[in-house]
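Undergrad: What Swiss-Prot records for 1-27, 345-377 is region 'Disordered'. Marked as topological domain 'Lumenal' by Swiss-Prot: 1-31, 231-256. The N-linked glycosylation site annotation in Swiss-Prot covers N10, N20 and is backed by experimental evidence. For 32-52, 78-98, 101-121, 158-178, 182-202, 210-230, 257-277, 291-311, 315-335, the entry in Swiss-Prot reads transmembrane segment. The topological domain 'Cytoplasmic' annotation in Swiss-Prot covers 53-77, 122-157, 203-209, 278-290, 336-377. Annotated active site per Swiss-Prot: D219, D265, in sequence order, evidence recorded as similarity to another entry. The annotation phosphoserine is assigned in Swiss-Prot to S367.
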Amino acid sequence: MDSALSDPHNGSAEAGGPTNSTTRPPSTPEGIALAYGSLLLMALLPIFFGALRSVRCARGKNASDMPETITSRDAARFPIIASCTLLGLYLFFKIFSQEYINLLLSMYFFVLGILALSHTISPFMNKFFPASFPNRQYQLLFTQGSGENKEEIINYEFDTKDLVCLGLSSIVGVWYLLRKHWIANNLFGLAFSLNGVELLHLNNVSTGCILLGGLFIYDVFWVFGTNVMVTVAKSFEAPIKLVFPQDLLEKGLEANNFAMLGLGDVVIPGIFIALLLRFDISLKKNTHTYFYTSFAAYIFGLGLTIFIMHIFKHAQPALLYLVPACIGFPVLVALAKGEVTEMFSYEESNPKDPAAVTESKEGTEASASKGLEKKEK
């Protein structure tokens, strides 16, 4: 997981090619402000819209859009898995040719990026297609066995609009594969981030605290303790980071001196912020206090990261500042409102778990019957 915010004075990884060994001219204050302002905006968009879509996703009945629920056990293991993955990538780049590794990774993320971008733009297609558009339904079905022993391996339903989205996303994919252009990189990065915030759901606030706390330690260790994360971030030519050129004003779209923000700094706080939005809705008070508080906390934390980075002239682990802000601000609000118990007792069931679904239905029916009994009395 790439989670470091790069230091423009120490050089950034280039999304369009290998790192330039020659000394680059210093970026102008205007260029730096534009770059980091754009990174901040790009980070906020998938968090805001991903959180809104996560609410519809939790209520939806489409099996292909069911969220993946992260439990406390998953959260505790995640920093260990992320560390092993990061160290493995670092060793691969040290042992094998960087060119061949990035070629394989490019093909892998080419496919993933097309699917993620297609899923991202699909909801907007209804606004662009006329009502008379022939939207035909399709089904991709793979089964194993026959008769009573037949099992579904793949059962995917889609329509003509989904095929149009796939075609448009493929154009971006080919552009990225051939040019590694920073705009194509960002389109894929934004799609990955939005899909992550939308489809990855924490089951409760305690799990969110475990996940963010573990990755807080992970981020600090791998950025300050070693050069592993920064090395991987600069070597890894894949859309796992948002980038923006600091020399855009001088070189236009061919600019190549990039500031970057890892997708982990967007998705990890983003899924916690999305959880707080769903908690707000569960309170049924027609306010989104905790969502807006955590959203403002994210802006504060990322802004502080950028400020500290320029003071110390060193790449910063953004989660060092984002985690205390995104957890601390909402908890302080909950303390002030006397809703700490409600916040930490809020629980989301896994929609893919039949037992949880049954339990949820039984709970709903019980609540409804109690409500009827009260009305009769």
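For all residues, glycine too, the Cβ spot is worked out from N, Cα and C.
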Undergrad: Let me spell it out: for each of the active-site residues (D219, D265), count the other Cβ atoms within 10 Å of that residue's Cβ, using every protein chain shown. Which one has the most?
TA: D265
Undergrad: Return the stretch with the most CB pairs under 8 A relative to the transmembrane segment (32-52), choosing among 158-178, 182-202, 315-335.
TA: 182-202
Undergrad: Could you round the CA separation between D265 (active site) and D219 (active site) to a whole angstrom and send it over?
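TA: Cα of D265 (active site) to Cα of D219 (active site) measures 10 Å after rounding.
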Undergrad: Which stretch, 158-178, 182-202, 315-335, tops the Cβ pairs under 8 Å count with the transmembrane segment (210-230)?
TA: 315-335
Undergrad: Give residue numbers and ranges for long-range contacts of the topological domain 'Cytoplasmic' (203-209): same chain, 6 or more residues beyond its ends, CB-CB under 8 A.
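TA: For the topological domain 'Cytoplasmic' (203-209), the far contacts come to 69-72, 74-75, 271-272, 275-276, 279, 327, 343-344, 346-350.
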Undergrad: What mean pLDDT does the predicted model reach across the topological domain 'Cytoplasmic' (53-77)?
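TA: That region's mean pLDDT is 83.
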